[in-house]
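Following: one structure in structure tokens, then a few remarks.
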Amino acid sequence: MAETEDISSSSCSGSSSNNSSASGSREDMHFFEGVEKLLEIWFEPNPADQSADLRKIPSFHGAGAGEGRSTPMWDALLKRVRCEIISFTRNEQIDAYVLSESSMFVSKRRWILKTCGTTTPLECFEPLLRLAYEIAGYNEIEDLFYSRKNYKRPELQISPHRGFEEEVSFLDRYFDDGRAYSLGAINRDCWHLYTMSRGGGGSDVLKRNSHIHLLYQNGQQELPYELMEQPAEQQQQQQQEAELQMMESDMMMQPLPDPDQTIEILMTELDPKVMAIFTKEECSTANEATQKSGIHLLIPGMVIDDYLFDPCGYSMNGISKSCGKKYKEGCYMTIHITPESQFSYVSFESNIASSAYAGLISRVIRTFQPGKFIVTVFANQTSPAANANREIENLGTIDQWKRRDIQYSRVSGYDLTYAQYCKYPS
């Protein structure tokens, strides 16, 4: 969060100076939406360009800095989202950015953006595709996931994020075979997901879904240059060729995908004593808050990049020193905290592989002491977490928390488990 003298700007990880247009009253200015919007995109490996890499895209802070490029393209892209880069760390597999509103992770072909407040991550979708095509060297999208918990105050959001229906409508402009899901009780806590359908028997997946140069039709004036729209005949020919290639590839043995998994724990109604740690009154530095809260113990072996906002709020990224050759895109964790008691919120996310997440879930909720929390686990067929649904089904209670809801789904080659827990009445 950028420093500000107005205490009404306090937030989990962002300055309301970026978001003040959403505040129509003094009451609104004292509220911050901790719930994040999470956008994750995987790009298809490019056989014609083995050096294709999203980390080629430069910023002032990280990738491309000092490599002959003067344009901070990540920084410009994030301005569209209404946030900015605060801190940066990297290893051989992943670049991790702490933002004024949450985090961004950039690997060779995976891009993750997680932003809270009244940010607008979908606004950067088209510019991202251009950067991926023109600089990183990618031609196709392999997978896309957009998800979030329901907002506490949706009326304060900005288009195209004023409701899940609007977000779905926005993404449907680009994807002919997108799928939208809502898990949980829609009149209480719930979780929304939009993803591509890969081989789900619906409309032709490659009609618009994969080829990046067909995903955007009109360039933006502030971008360096426009790509010309292709004639309809050429588009039809490319579509027919792509469909033929798909038919041929389906007849061949498909290699198993690399293992991939993600666990999220989204917490509300948190213990005020724990939340006090993440204020300048209680801790003077981010490292002090990290150590005092026990965040550094949640997943051992993480290189932590943390930030304590003024007057309150906390964000951290962790990247694994070594997560094995199987995980080519790197392993990470990220935590974001809105400590104000009226709208307290904490999110935890990681792609660390495990065949049993019960211990990690227990450590996280004991650390933050939420009144309620949602846990979601994505895992593909080669992941050690492929049986997470069975594990969570057996976790009817975790310490003082009782499960109130559980649902399963299979989407885009992943098994998804959703569960919601509440603390026992005191």
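Glycine is no exception: its Cβ is also placed from the backbone N, Cα and C atoms.
Note: TrEMBL annotation is automatic and uncurated.
Copied over from TrEMBL:
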REGION    1-26  region 'Disordered'
COMPBIAS  8-24  compositional bias 'Low complexity'
BINDING   F32, E101, F309, E340  substrate binding site
ACT_SITE  S102  active site, schiff-base intermediate with substrate
MOD_RES   S102  pyruvic acid (Ser)
ACT_SITE  C116  active site, proton donor
ACT_SITE  S315  active site, proton acceptor
ACT_SITE  H336  active site, proton acceptor
| message | Is it possible to get the count of other C-beta atoms within 10 angstroms of the C-beta of E101 (substrate binding site)? | response | 32
| message | Using only C-alpha positions, which one of F32, F309, S315, E340 is spatially nearest S102 (active site, schiff-base intermediate with substrate)? These are the recorded positions in the record. | response | S315
| task | Sequence order is fine: just name those recorded positions in F32, E101, C116, F309, S315 with a Cα within 10 angstroms of H336 (active site, proton acceptor). | result | E101, C116, S315
| Measuring Cα to Cα, how many angstrom lie between F309 (substrate binding site) and C116 (active site, proton donor)? | 14
| request: Measure the Cβ-based neighbour count of S102 (active site, schiff-base intermediate with substrate), defined as the other Cβ atoms within 10 Å of its Cβ. | output: 30
| query | Taking S315 (active site, proton acceptor) as the reference, which of F32, E101, C116, E340 (the recorded positions) have a CA within 10 A of its CA? | reply | E101
| request: Express the distance between the Cα positions of E340 (substrate binding site) and C116 (active site, proton donor) as a whole number of Å. | output: 15
| task | Among F32, E101, F309, E340, the annotated substrate contacts, find the widest CA pair distance and round it to a whole Å. | result | 16
| task | Write down the Cα-Cα distance for the residue listed as 'active site, proton donor' and F32 (substrate binding site), rounded and given in Å. | result | 9
| query | How many Å lie between the Cα of E101 (substrate binding site) and the Cα of the residue listed as 'active site, proton donor'? | reply | 5
